[in-house]
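Participant: Sharing a structure here in structure tokens format.
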Amino acid sequence: MDKILYDALTFDDVLLVPAYSNVLPKETVVKSRLTRQIEVNIPLVSAAMDTVTEAELAIALARAGGIGIIHKNLSIDEQARQVAKVKRFESGIIRNPIHLFEDATIQDAIDLMIRHSISGIPVVEHPTPEGCLLLKGIVTNRDLRMTASSDEKITTIMTTNLVTAKEGIDLLTAEDILMRNKIEKLLIIDDNGYLKGLITFKDIQKRKQCPDACKDSQGRLRAGAAVGIRANTMSRVDALVAAGVDVVAVDTAHGHSQAVLDMVATIKQKYPELQVIAGNVATPEAVRDLVKAGADAVKVGIGPGSICTTRIVAGVGMPQLTAIMKCAEEAKKTDIPLIADGGIKYSGDIAKALAAGADSVMMGSVFAGTDESPGETILYEGRRFKAYRGMGSLGAMSEPEGSSDRYFQDVSAETKKYVPEGIEGRIPAKGKLDEVVYQLIGGLKSAMGYCGVRTITELKENTRFVRITSAGLRESHPHDVMITKEAPNYSTSA
């Protein structure tokens with residue numbers, strides 16, 4: 001038996017071959033699929049890491065057209081709250097608005113506004129046996145500023161002379177009503193006066209600012225969340241579904257394991273319409289088995305991340321480009337999207353990953369340096385950095401809701417009982433996420449122009465690679481010159 005199967009390559013080993021083109025970069029379309037049922041307007045996904053993705057970054061990325069996967073090093077309630085924050089940030093019509101009953105106090109309103117970062121709350125009667133809520137008024141933060149006592153009933157300050165609209169109103173008409181009446185919130189009711197929804201002027205403005213935002217059928221930003229394989233995982237999934245999550249990622253270092261297959265099947269059995277990403281894998285056999293278990297997308301990548309030490313500690317893995325290509329052959333048979341997770345340093349790597357067969361790319365370090373990431377900001381020798389750590393690092397695994405199960409390790413009170421497969425470090429701060437995304441997508445569009453393709457599908461089907469030498473790689477980077485001013489899309493520290 002031949003132990004050496006084949007040579008395996010990664011992004012730096014190849015270049016895309018330019019082709020005849022009548023396509024300009026600005027004419028390309030970068031819309032792609034995340035899962036069987038979810039499309040993204042840009043093929044970028046943020047990693048489920050505790051120094052990368054929480055609500056703030058997930059909101060920014062969804063507004064740009066991608067999607068964020070909120071990490072699971074959080075309590076179940078907190079992770080669900082993070083998802084809900086994304087879902088409520090921007091809506092067409094808020095179908096189940098946060099509300100107060102008539103016997104609530106002003107302090108209740110203050111607490112609710114602070115907890116959910118909102119500025120107005122409908123006031124309703126206690127629900128009927130059918131669960132209907134009769135609208136009585138609305139209280140806004142302006143009303144709260146006009147009162148001295150927080151113990152008074154909310155009915156003493158709420159506005160009762162309401163401007164409302166009936167179900168089925170379109171957003172253009174709603175905007176006209178808001179403008180004419182100089183109000184910020186339009187309450188939606190049915191013929192009986194029961195509360196059915198809420199449209200805010202702020203949401204309408206947000207839609208105009210980000211026309212390419214990744215949204216669900218109700219006009220809400222899309223959000224994903226990671227889950228593991230612990231005993232309480234289904235409780236976590238229940239809470240995430242209640243919060244409105246669009247997709248859950250069964251997130252482990254080795255997706256081709258029975259525990260992951262069982263968890264995917266369990267989730268799909270209880271929530272058949274919920275989209276489930278499963279991973280990580282590096283072989284076509286793993287893709288086949290996860291698809292059979294019910295996965296709606298498969299995440300590819302064993303050890304390519306900048307903070308991952310799996311290939312060194314365990315001696316196991318697969319160079320990322322070959323892993324994508326091998327997995328894509330199997331995924332194509334069932335039309336299941338692939339997510340290339342890890343190893344992305346530059347926008348050119350995104351183009352290579354997609355050309356190799358991925359439908360989207362998941363990135364950690366690229367986004368960890370943005371202002372919106374939850375990592376700590378560090379000032380070192382006059383430069384700004386952000387903390388960045390692998391989910392296999394000691395710090396991440398030692399958290400109360402830590403990631404040890406991602407690496408199939410038992411929870412322990414002693415850090416020395418963990419065998420880490422990641423490190424902790426810092427990366428240069430990069431500024432706002434939308435500026436980073438602009439450069440990444442600009443680079444991808446440039447690649448598509450060079451290759452003469454208009455869509456991601458054409459990029460996958462109509463491109464070829466050449467293998468390069470170490471000398472070719474050196475020639476590809478700036479050489480024989482001292483860089484005096486770094487470009488926004490190229491850094492020697494990448």
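Including glycine, each Cβ sits where the backbone N, Cα and C put it.
Note that this is a predicted model, so its numbers are computed, not measured.
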Participant: Pick the one from Glu273, Glu285, Glu329, Glu421 that Swiss-Prot also lists for the IMP site with Ser306, Asp341, Gly342, Gly343, Gly364, Ser365, Tyr388, Arg389, Gly390, Met391, Gly392.
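Facilitator: My reading of Swiss-Prot gives Glu421 as the candidate in that site.
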Participant: Validating a neighbour-count step here. Other CB atoms within 10 A of the CB of Tyr388 (IMP binding site): how many?
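Facilitator: So the Cβ neighbour count for Tyr388 (IMP binding site) comes to 24.
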Participant: Consider each pair of residues in Ser306, Asp341, Gly342, Gly343, Gly364, Ser365, Tyr388, Arg389, Gly390, Met391, Gly392, Glu421, all listed by the record as binding IMP, and report the largest Cα separation in Å as a whole number.
Facilitator: 16
Participant: Among the recorded positions Arg406, His477, whose Cβ has the fewest other Cβ atoms within 10 Å?
Facilitator: His477
Participant: Near Gly303 (NAD(+) binding site), meaning Cα within 10 Å, which of Gly342, Tyr388, Gly390, Arg406, Ser476 (recorded positions)?
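Facilitator: Cα filter at 10 Å returns Gly342.
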Participant: Determine which residues of the same chain, besides Asp251, Gly301, Ile302, Gly303, have their CB within 8 A of the center of the CB atoms at the recorded NAD(+) site, and list them by sequence.
Facilitator: Ala253, His254, Gly279, Asn280, Val281, Ala282, Lys299, Val300, Pro304, Gly305, Cys308, Thr310, Gly317, Asp341, Gly342
Participant: Using DSSP, break the domain 'CBS 1' (93-154) down into helix, strand and coil residues and give each count.
Facilitator: 17 helix, 17 strand, 28 coil
